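Here is the structure we will look at.
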Amino acid sequence: MKLTCVLIVAVLILTACQVIAADGWFGEESSCWWCTGQNKCCEEAQVCQSVNYACPPARR
């Protein structure tokens, strides 16, 4: 019974990791989902930074 529970939990964790990675939660698609307050999103450079500074050049 314990082995079954461990396997179920492992499958759920792996599935959650795949969903997170596929949805771009780590910034692959957009790095600005967490950019708030006195910050602005610089999509080309994939950074979030202060509104007081210009966006850096785009990443290659």
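All residue numbers here begin at 1 and follow the chain in the order shown.
Positions of Cβ are set from backbone N, Cα and C atoms, glycine also.
Features reported for this protein in Swiss-Prot:
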DISULFID  Cys32-Cys42  disulfide bond
DISULFID  Cys35-Cys48  disulfide bond
DISULFID  Cys41-Cys55  disulfide bond
SIGNAL    1-22  signal peptide
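Features per Swiss-Prot, on structure.
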| residue | record | contacts (Cβ under 8 Å, 6+ apart) |
| --- | --- | --- |
| Cys32 | disulfide bond | Cys41, Glu43, Cys48 |
| Cys35 | disulfide bond | Cys41, Cys48 |
| Cys42 | disulfide bond | Cys48, Gln49, Cys55, Pro56 |
For Cys48 (disulfide bond), what is the tally of other C-beta atoms lying within 10 angstroms of its C-beta?
18
By Cβ count within 10 Å, point out the most packed of the disulfide-bonded residues listed: Cys41, Cys55.
Cys41
